[in-house]
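As annotated by TrEMBL, Mg(2+) binding site applies to Asp39, His159, Thr161. The Zn(2+) binding site feature in TrEMBL is assigned to Asp39, Asp334, His338, Asp375, His376.
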Amino acid sequence: KEKDPKYWRDQAQQTLKNALRLQTLNTNVAKNVIMFLGDEETRLEMDKFPYVALSKVSSSPKPPTSRRKGQGNGIRWNPQTCWQCGQPSQGLCGPSVNAGTATAYLCGVKANEGTVGVSAATQRTECNTTQGNEVTSILRWAKDAGKSVGIVTTTRVNHATPSAAYAHSADRDWYSDNEMPPEALSQGCKDIAYQLMHNVRDIEASAGVIMGGGRKYMFPKNRTDVEYEMDEKARGTRLDGLNLIDIWKSFKPKHKHSHYIWNRTELLALDPYTVDYLLGLFEPGDMQYELNRNNVTDPSLSEMVEMAIKILSKNPKGFFLLAFALVSQGGRIDHGHHEGKAKQALHEAVEMDRAIGQAGTMTSAEDTLTVVTADHSHVFTFGGYTPRGNSIFGLAPMVSDTDKKPFTAILYGNGPGYKVVGGERENVSMVDYAHDNYQAQSANYIPHVMAYAACIGANRDHCASTSLSGSPSPGPLLFLLALFPLGILF
């Protein structure tokens, strides 16, 4: 029954009904919906939200058995160095869940790990299980209600998290046809970049915004990148010879103003009030970490969010903005943690928080629902009884009782593990551990709640007696959906 999207939708709707009976909340219609996703001694913007909820994340609990090597019960476990009591051990550290959870919190149904925009009837890498099992996202529901839609990410725009908004793929890694197996191509499956440019018409209304990285997946194989002319890894990847930027332009109405940009200077030069459709691809792959960002060529997450809201808010019916930063998925928060780079990850989280604050100043609490959440956590801890005032990037005030060497205040239970020097753990007291790149040793309910608040999607019976004219009764309409522990964001 878990392969049937109806199972998950009915479950979510029943949970919603039960929640509505618990207390009387603000009943204003959410004209606008902003979703921030995050794979100093101050109060964060997200800490100011009046409501907090818990949500568990996982792929389909009983997915079909996969034939991929290293997988069991359909969930891919990543063999890597795990940590326990400061000692590395080769083992099974945990499932990769970006794709499966993205389908849950954007489409409202659970799917198998590694698939995007499809139900649990689709098995990873098996193209022939895709057709007929596609599911639509809340961005499509918003478009059907006449709202404008935007996607802003610090990852590539065809990364697993944003791609669940518009694509239907048996594998999250099919960024372009260059990454697809011959069997999948022969069976007619399309890569995610191709689907972005062709399927985005299904989620765009009178205006649309797409910003992030992923430029190389839009151009023919070996096409020189506009920014990194000498870098072979930045060159185009497409085997079909298509220029997807030209295709994107060709799909836009002639009477509308469409803009493709690739750097921050072009972004800041735009007049948002004369832009209807915007495609900004600022890096060949993922965008740079905030600490490494080129202030001339790469915009910050806050700058992208600001421009997106200015463009989308022209629609009197409102908008839906997915901001992803791995988090806002700052997709790069997640990447920093995967690589054990705590300083990079934490600065990405701070930038996402700036973007949340920016969105708050540009919208009204009367008619805008803002959701902040994450798709999974990392085993990220503070140890060693560090005193107050100690740098979080510094050393703990003691040595390990195992090897009698110092260790950092921040510790990881996943990722690359510690560096081995001469057969032993590196003595980190001899290392610049404060360096930017130093490596320290059921969500499917969410879109149904957002859709209910915005009167979009299938469940709209409660909207009949509520004004949709943009003049709802006063009352705050802010909501924080946080996944614990805090390691999810930090």
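Yeah, the Cβs are placed from backbone N, Cα and C, and that goes for glycine too.
Where the annotation comes from TrEMBL, it is an automatic prediction and has not been curated.
Cα-Cα distance from Thr161 (Mg(2+) binding site) to Asp375 (Zn(2+) binding site): 9 Å (rounded to the nearest whole number).
Note on Asp375 (Zn(2+) binding site): other Cβ atoms within 10 Å of its Cβ, all shown chains, come to 28. Counting only the Cα atoms, the space from His159 (Mg(2+) binding site) to Asp375 (Zn(2+) binding site) is about 13 angstrom.
Cβ contacts within 10 Å of His159 (Mg(2+) binding site), excluding its own Cβ and spanning all protein chains shown: 30.
Cβ neighbour count for Thr161 (Mg(2+) binding site): 29 (other Cβ atoms within 10 Å of its Cβ, all protein chains included).
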